[in-house]
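Here's the structure, in structure tokens; my notes come after.
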Amino acid sequence: MTLGIDEAGRGCLVGSLFVAGVVCGEKIALDFLKMGLKDSKKLSQNKRFFLEDKIKSHDEVKFCVIKKSAGEIDSLSLGVCLKLAVQEILEKLSPLAQTINIDGNTAFGLNKRYSNLKTIIKGDEKIAQIAMASVLAKTSKDREMLELHALFKEYGWDKNCGYGTKKHIEAIAKLGATPFHRHSFALKNNWFS
């Protein structure tokens, strides 16, 4: 069994960071690849929601999604929030896995405790379990941003998902930040001056 871990929302200016972990065997992973699984950024939103449902409802797939709010990111830092979320996933799911793969190049020092942990750059393109985790993290972020968009339509979050697009930055300059913005990001980039 392999545990794959990935995140969504790391570079967003607004909303939460979501980190997901998925554990399953290689046969199940292959079944998901046959369903069209790949890096969530390369899937349509409808396909992501379809795959999310299949992942969450599969008897032989175990998963965990951790949410870190904008407030937590502002008070603790993005890096600390990422590490805490990954630790929480490892505590819950690592006993089920022989191999642990994290997307990216940072193990947050956790490979000292988990000797079977590997970081894989572009892992969501190479390891099915990471791609499955990518789907769960991204659909969680998508859902949050659609809910927030209903409250603050002017920022275009239904399209930009909270990333720093031209329209989003112009809306911050014109309307100011919302309570859901990561104020540490906005201050760093002088959006309030």
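Glycine is no exception: its Cβ is also placed from the backbone N, Cα and C atoms.
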Listed by Swiss-Prot with D6, E7 as binding divalent metal cation, from among D74, D103, D142, is D103
Kindly state the mean pLDDT of the domain 'RNase H type-2' (1-193) in the predicted structure.
93
Can you count the other CB atoms that lie within 10 A of the CB of D6 (divalent metal cation binding site)?
28
Count the Cβ atoms, other than its own, that fall within 10 Å of the Cβ of D103 (divalent metal cation binding site), considering every protein chain shown.
24
If you count the other CB atoms within 10 A of the CB of E7 (divalent metal cation binding site), including all protein chains displayed, you should get 24
Relative to the mean position of the Cβ atoms of D6, E7, D103, the recorded divalent metal cation site, which additional same-chain residues have Cβ within 8 Å?
I5, A8, V19, A20, I102, G104, G123, D124, I130, A133, S134, A137
